[in-house]
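Student: Dropping a structure here in structure tokens format, bear with me for questions.
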């Protein structure tokens, strides 16, 4: 019999026994009552019946008693079976308890409300030394909740799909909890100690992490990005080999450093900028340019990444320089230039174009023509666009509004642009503002229509006056140019002849040649002074101020006067500075040359210093001499015409116009000029020139000049052709080159040169040509024709024309320009420069 069935039978027997006892007690009470009545005589008239009834009751009592006895026997039997069942149940429970206690898992049995019904000793062990002592009747969930709040349960991982949870206790033990429901609605929870498994798993994980960290470290060390991790206190938490190389700091110094910011003062430190503020790109040196990325992490640490972008930087700088040159050229061209794609969108415009229309580069780029500033005139342009997109060059005049809203006239040319395959990819727009010409024509026509003969007469008078005035100005300009050319030509020949004599005369004639050289030099100075004074007084000399690098001019002057100083026995020194200034280089060079030659003359046998330095927003060029000095009274008049100071050198050929020219030119350029001097000490002239915002290198250094004592072999072996319409100049050049043992052929013009050599320039290594030739032929015309025949031919134009227009015309070409009169030293330097390599 199963224990549960036994318990059910016993309960039924006990219930039947209880009912029988109650029935028996009831019958006994009835029997007693009847017996009492009979004895009292209350039922005499029914005595027999009562007796009969009592007999029946007695029989029933006996029957019930027998039944009761039977029930008692069954009850005793059931009690015996119940005792045996209790013993078996106890034995089963003991065995179950022993089995539960013998397992290595902690177990707790809960009722449906979470109350603890039973637990084994391992469950108590789980909470040893953790200030928790579970007892029967405690609520298990309250215990675990309190343990979580108090930190006894340090971590509780959520249950998996099978309902298993994982606890980490404060004693560093790990337990896996398995929850099983009971039939009564409670739960059985098993605690499985998985600490060892967790340790093995953790060790294995740490090993994997270690291997991955090793691979990651190897990867980080081999990428071209320097990485540095700085902790909150400035300590070095991590770096890679690339950073070690970029910082240039030895590894042991980096390891022993407690603060990376203090390490920046180390003599090995390359200069890496660790400041989050500052430009993202940093140039360490020519071979290392880095892109800085410094980030503050949420934990307060700082992550620095330095990406090597040296090649990209150099490439970008090259592109930027090329783009800058192209933009500078196109922006300074006196024309409106644009490029429009086949989609009729603007892709490029120069500064002149944007200024004329009053649009910005950002607004006009990628803007369709029909929605741009041309939308009003676009219908008129469609026919020209159709023609240029068919490959035709189109020229037309367009009436449009400029930036000020004024109506103007543009002479436009559309040039198709073909790619390598011959397909049209867009077209160039070249436009010139002809508004003045058109407006003049329209105004003249309107005036003629409205004022008839009177207006015509006045217009003719005005035109005659203008023509006369222009003719007068042109006549004076031509006169000055003719004087300059006609005087300089024979003077140049004389100087070259004298240069040849220097190397051929004996010692007894050397003083005569030297005196002749000085006389020619004085004559050149006088002619140059007279011409410049005439141009200044006539107002034909106008400055062309541009942003220029001053260093090339200062270097040229330093080289030139290093040679000249020997004639005056002057110790010439200079300290130069590179800076970008706004000036006319030609006029400024004349100012500085006049001041330097004065310093040489007045400071003869002494020292002369040429210095340049930055003062506030200006570049101050100073020229010091150790001459006799200038008194305060003389300082007030030295810049006037024909003002001369007496000195121990021969000034009989000086007109006293040098400083007058300096003063006039400095006023034209708006450059301040000052003089500081004391008698007997020397003088200092200072020229102040505004510096532009473009760049100022702040690098000062002495630049030295070395004069070649003789021409190198690669120059002596060259065959020179010289074209000049002046016979004396040809003879002088031929004599000078022959004296240098060089082969030279001279010609009066291009036709003679071409005829003699059958149009071939194969035997010519270098061409020297005068600018002004016969029959309105110019040296530049010859240079262009020669370049078509011999593209790589070195060409030098030697002329007495000092105009800015000629210099501008030669700008951007590799044609060298020399001004007459030219001496042998300058000519030698020019030959070496042109024929080098």
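A Cβ is built for glycine as well, from the same backbone N, Cα and C atoms used for every other residue.
Heads up, TrEMBL stuff is auto-annotated, nobody curated it.
TrEMBL lists these features:
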COILED    58-95  coiled coil
DOMAIN    482-693  domain 'Histidine kinase'
DOMAIN    719-835  domain 'Response regulatory'
MOD_RES   770  4-aspartylphosphate
Student: What's the number of neighbouring CB atoms sitting within 10 A of the CB on the residue listed as '4-aspartylphosphate'?
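Tutor: There are 28 such Cβ atoms around the residue listed as '4-aspartylphosphate'.
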Student: State the mean pLDDT for the domain 'Histidine kinase' (482-693).
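Tutor: Mean model confidence (pLDDT) across the domain 'Histidine kinase' (482-693) is 74.
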Student: Reduce the DSSP letter at residue 770 (4-aspartylphosphate) to three states and note it down.
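Tutor: Note: residue 770 (4-aspartylphosphate) is in a strand by DSSP.
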Student: Mind checking how the domain 'Response regulatory' (719-835) divides into helix, strand and coil residues in DSSP?
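Tutor: Summed over the domain 'Response regulatory' (719-835), the classes give 53 helix, 26 strand, 38 coil.
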